[in-house]
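For 12-30, 42-62, 105-130, 216-241, 261-285, 305-326, 346-369, 389-408, 414-436, the entry in TrEMBL reads transmembrane segment. What TrEMBL lists as domain 'Cation/H+ exchanger transmembrane' is 25-439. Here TrEMBL flags 467-507 as region 'Disordered'. Residues or ranges marked as compositional bias 'Polar residues' in TrEMBL: 467-476. The annotation compositional bias 'Low complexity' is assigned in TrEMBL to 497-507.
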Amino acid sequence: RDKMASDDGVDSHTAALTGIAVTLVLICTYGGNLMQRLNNAYWFSSETTLAIFLGFCSSLPFCGWKPFDHVFTEEFDTIFFLYLLPPIIFESGYDLNQKDFFRNFAAILSFAVVGTVISTTVMGAGLFKLAQAGMITGINGTSTKEAMKFGSLMSATDPVATLAVLGSLNVEPQLYSLVFGESVLNDAVAIVLFQTVHKLPDSDNFALTWAQTGRIVATFTGVGLGSIIIGVCFGVFAAVLTRKFLRDAHSHSEVTIILAIAYLSFLVSDALGFSGLMTVFFCGVMMSHYAKYNISDAGRETCGAVARVLAYLSETVLFIYFGFIILPTLSASCDREEKYEIEWSFVFWTFVLANVARAAHIVPITLLLNASKRSSTAKKTRISMKSMFVMWFAGLRGAIAFALSLTFEGPSKRFVIPCVVLIILITNVILGQATAPLLHLLKIRTGVIVNEEDGNESLASSYAQRTESRASSYMQPTPIRDRATSSLTVSSGQGGASESAGSVRGG
């Protein structure tokens, strides 16, 4: 039957796929918590890999099924950016460890903004030269616009697997804060760059001039600053509203108002042509700093829990969907309305240039930041060479790059999407799983416990002690991207994560 029932008008195929998705989320949640029992200081499997694996396995029986052709739809980028990504970014800002984030804010901003621009330029220029030389055909060799667009989307890092390992092993706060902060801001920066380059003239002989470069920089700067200002304004509005006009309210009302204002900031910013993601992140930061302390204790706890659950569900669905579309993207045996083609030379050089481009900004920016810290006190906060290497290694690609690839236009799209899918698989499944062994090989400190009161750090004596705080929550959903609060500030003598040490009560 085309309909499950005549009175509800629900399409049976849609209902079946929805049921499969819900079942996979349930399995991934339960399996991910069970996996924590098997993880140790030398090997760590993240829920990212499990979600991709489950999505891929569930797609096998449906290969060749007619409705399966419509699962891989380009409308997913709208669903992704409008509904799934905002909760993830908001939760990152709302549960942010503000003390560590703003202590390293200059470094985070340098890596996220300047680094993304450098990475885009290196990747775009490198692929364009390879296309001109005839070594790859997946990119137009007569126009730099297409190469720069591809470079910007591939500069969007999403190190969820690495963050899961760093958070669970409790590495040094500075290292986690740098990787986490860069990944959050980098997403918004890469999207703004992609959209800015997309607005450039369409021409086979298009080449960047200094005037066009200046306009790109001005547009990029204006969008970034405007997005931050809008986010801060909505955060302040939430603080005033909750303090002056929301007294003795029910917790569900408080949570609804907080989440509605946050989502409204995203929609308004996006409608005005700014970056909704950057806006909702800084809105979450402001709310965490002020508005959160104007609501009741029950509302505060509920709001944090709801934000974490929404972010967890969004991330899980994203990676399950990604695993689900691997087969129709890469396999010619599955019928599709639009054919895609794998060019292995394009995949190879993209992977090489992605790593080269990341090194091209991680290394010089780290050296410049360290050189600027000359006082005896500042020298203690320099980024070590080991941390620098981990930051370079953490340049995994994820859902942002994939969603942007769906919006790619032109004949090269049939090469771009399979290339992005393969790069995401390689970086998450292989490099992501190698994070824990890498930390052990580099002898990077793990099990760092930060005392909230004095900020001093101490080391847990064993992996069991480091994971003891998570033992009581095996059956609770744990976000794929481990949050800054739970992984950086662990109060001594308590079983769970403590509140962000940098939070200041507003009002």
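Cβ atoms are placed via backbone N, Cα and C, with glycine included.
Same-chain neighbours of the transmembrane segment (389-408): 48, 74, 76-77, 80-81, 85, 111, 149-150, 152-154, 156-163, 175, 178-179, 182-183, 187, 190-191, 194, 318-319, 322, 354-355, 358-359, 362-363, 366, 383, 416-417, 420-421, 423-424, 427-428, 431-432, 435, 438-439, 442, 444, counting only residues six or more beyond its ends whose CB sits under 8 Å from a CB of the stretch. Tertiary proximity for the transmembrane segment (105-130) is limited to same-chain residues at least six positions away from its ends with a CB under 8 Å from its CB atoms, namely 136, 139, 141, 144, 147-152, 154-155, 177-178, 181-182, 184-186, 189-190, 193, 220, 224, 349-350, 353-354, 356-358, 360-362, 365, 368-369, 383, 391. Counted over residue pairs separated by six or more positions, the transmembrane segment (42-62) shares fewer than 3 Cβ pairs under 8 angstroms with the transmembrane segment (261-285), which leaves the two as not touching. Per-stretch counts of Cβ pairs under 8 Å to the transmembrane segment (305-326) identify 12-30 as the leading one among 12-30, 216-241, 261-285.
Under 8 Å from some Cβ of the transmembrane segment (216-241) lie the Cβ atoms of residues 113, 117, 188-189, 192-193, 196-197, 200, 257-258, 261-262, 264-265, 268-269, 272-276, 278-287, 289-291, 294, 506-507, all in the same chain and six or more residues away from its ends. Here the transmembrane segment (414-436) has long-range neighbours at 39-46, 48-49, 52, 137-139, 150, 153-154, 159-162, 165-166, 169, 322, 325-326, 329-330, 338-343, 346-347, 350-351, 354, 390, 393-398, 401-402, 405-406, 408, meaning same-chain residues at least 6 beyond its ends whose C-beta is under 8 angstroms from one of its own.
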